[in-house]
Amino acid sequence: MSEITLGRYVFERIKQVGVNTIFGLPGDFNLSLLDKIYEVEGLRWAASLNELNAAYAADGYSRIKGLGVIITTFGVGELSALNGIAGAYAEHVGVLHIVGVPSLASQAKQLLLHHTLGNGDFDVFHRMSANISETTAMITDLAAAPAEIDRCIRTAYIAQRPVYLGLPANLVDLNVPAKLLETKIDLALKANDAEAENEVVETILALVADAKNPVILSDACASRHNVKAEVKQLIDATQFPAFVTPLGKGSIDEKHPRFGGVYVGTLSSPEVKQSVESADLILSVGALLSDFNTGSFSYSYQTKNIVEFHSDYIKIKNASFPGVQMKFVLEKLIAKVGAKIANYSPVPVPAGLPKNAPVADSTPLAQEWLWNELGEFLEEGDIVVTETGTSAFGINQTRFPTDAYGISQVLWGSIGYSVGAMVGATFAAEELDKAKRVILFVGDGSLQLTVQEIACLIRWGLKPYIFVLNNNGYTIEKLIHGPTAQYNMIQNWKQLRYLTNFGATDYEAIPVKTVGEWKKLTADPAFKKNSTIRLIEVFLPEMDAPSSLVAQANLTAAINAKQD
């Protein structure tokens, strides 16, 4: 085969970089393109329920496998996905957004086509996406198309940000040389400037040598930019106390003897707050300093000796080194740091949160008890997805087992995100290991925004755990403002009927109201195996919330009320 269609070329390239599932919806400008998916062995079309959910799913898939792909149609389809694409941009998630657009001939004639604004401007939606994309490409030249496609895939993967790729309907059936596929897309990072890298490493080593009480703080981009292994090696090499932020959950092994807990500024436990804020050197890896990730910007470091490691720059105190990538710096630091810490004596790390005190089995479930207890159910390698709201804050109280990974949209915070992200993560998990468990915690209110995507799971026989926290509405909103306001109320749905209504025949739907029911269920060996899709409705008091969320809600309300 000397030639292949441009459409097939796209999918062959996507498959080569490890993507096996593509999310999105069909539309008349992408139908010919979608035909080509079935020509590539090992690719599947998930058949998402709407474009927003598809974007969330591509985000969740990418957080597990490094790149997600969504395909939409021009105008109406692509715009429906943009909230999810914006979230991926904000949270550094690599998503390739492929849009089927009208033919070049139609564009040249400025035809008054459906899905347009009726003004002949065919580039308007492309321009909208440019603001939330690392780069974009609108293919107009067949000869240059393969290189542009390769550039888009590489950029999305390396930068861990969304990339927009517009493919005109008339080009996807035209042929390009098949031999181009023989040269794989180079996904390796380009080397740092040697002089700048050495200056950075030596400066950090000097700070390390002088430090008496250093700590390591791992954040979201340690996971996104693939330096989790280096962070672990740095902890092992130095024995410095190590902490994570809410967005960094899963970036450090929480069973590691030097793991100290979750740092969220004033919302941290007193022991964690003291340990981090009394440090005389902070090695901060992959920080995303958003309000919900920092306890409304309440970090109170006593030292100015802060080193920030980022994917494309390093900051040491007030000096920035643009273009110096953290992965290579961490590798050199690990190799050299031993000689600089010969006199360092490891300090104790904070103990984990105490276990729940014994209570009667008939005790109604409550948030504080639930999140402290959850660690007993979790297993190595679990993927835990938590919704914006009580779940995203409560999970910070749960100690993860080794290799567990947390997904939560703490920065963008789009309600309903977790359902789509769980779908994407479940596809990815199945591709990696069919026994790998994906566990979702979502509130009854948030679930109503994206619930239909559960049908996609059933269609493919996927088997996550869906814990629906039924606390009668938008608790996080009620805590911030309007606890009795009508706009924070929802119509209660029959949660336990979802699976059967979406066509499931092999499933479990289980209500849980008491401590005893929770313990019995989560201790059941059969329940611990992901042998079927499960929806567990967890009944909780209406205004019950993790203590950290109550505190955060008060901080958020205060910020919202500020006049200057």
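Using the three backbone atoms N, Cα and C, a Cβ is placed for every residue, glycine included.
Listed in Swiss-Prot for this protein:
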type	residues	note
BINDING	ASP28, HIS115, GLU477	pyruvate binding site
BINDING	THR390, GLY413, SER414, ILE415, GLY445, SER446, ASN471, ASN472, GLY473, TYR474, THR475, ILE476	thiamine diphosphate binding site
BINDING	ASP444, ASN471, GLY473	Mg(2+) binding site
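Structure coloured by features recorded in Swiss-Prot.
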residue	record	DSSP class
ASP28	pyruvate binding site	coil
HIS115	pyruvate binding site	coil
THR390	thiamine diphosphate binding site	helix
SER414	thiamine diphosphate binding site	coil
ASP444	Mg(2+) binding site	helix
ASN471	thiamine diphosphate binding site	coil
GLU477	pyruvate binding site	helix
Proximal residue to ASP28 (pyruvate binding site) among binding-site residues SER414, GLY445, ASN471 (C-alpha distance): SER414
Integer Å distance between the CA atoms belonging to SER414 (thiamine diphosphate binding site) and HIS115 (pyruvate binding site): 26
Fewest Cβ neighbours within 10 Å, where candidates are the binding-site residues THR390, ASN471: ASN471
Protein Cβ atoms within 10 Å of HIS115 (pyruvate binding site), excluding its own: 17
Rounded Cα separation (Å) that holds between GLY445 (thiamine diphosphate binding site) and GLU477 (pyruvate binding site): 11
Cα proximity to GLU477 (pyruvate binding site), best match among binding-site residues THR390, SER414, ASP444, ASN471: THR390
Sparsest-packed among the binding-site residues, when each Cβ's other Cβ atoms within 10 Å are tallied, from ASP444, GLU477: GLU477
Whole-number Å value for how far ASP444 (Mg(2+) binding site) lies from THR390 (thiamine diphosphate binding site) (Cα to Cα): 11
Neighbouring C-beta atoms (10 Å sphere around the C-beta of GLY445 (thiamine diphosphate binding site)): 24
Number of other Cβ atoms within 10 Å of the Cβ of ASP28 (pyruvate binding site) across all protein chains: 14
Site diameter for pyruvate, Å, by largest Cα distance between ASP28, HIS115, GLU477: 40
List of residues, in chain order, with Cβ under 8 A from that of SER414 (thiamine diphosphate binding site) and at least 6 apart: TYR56, ASN83, GLY84, GLY87, THR388
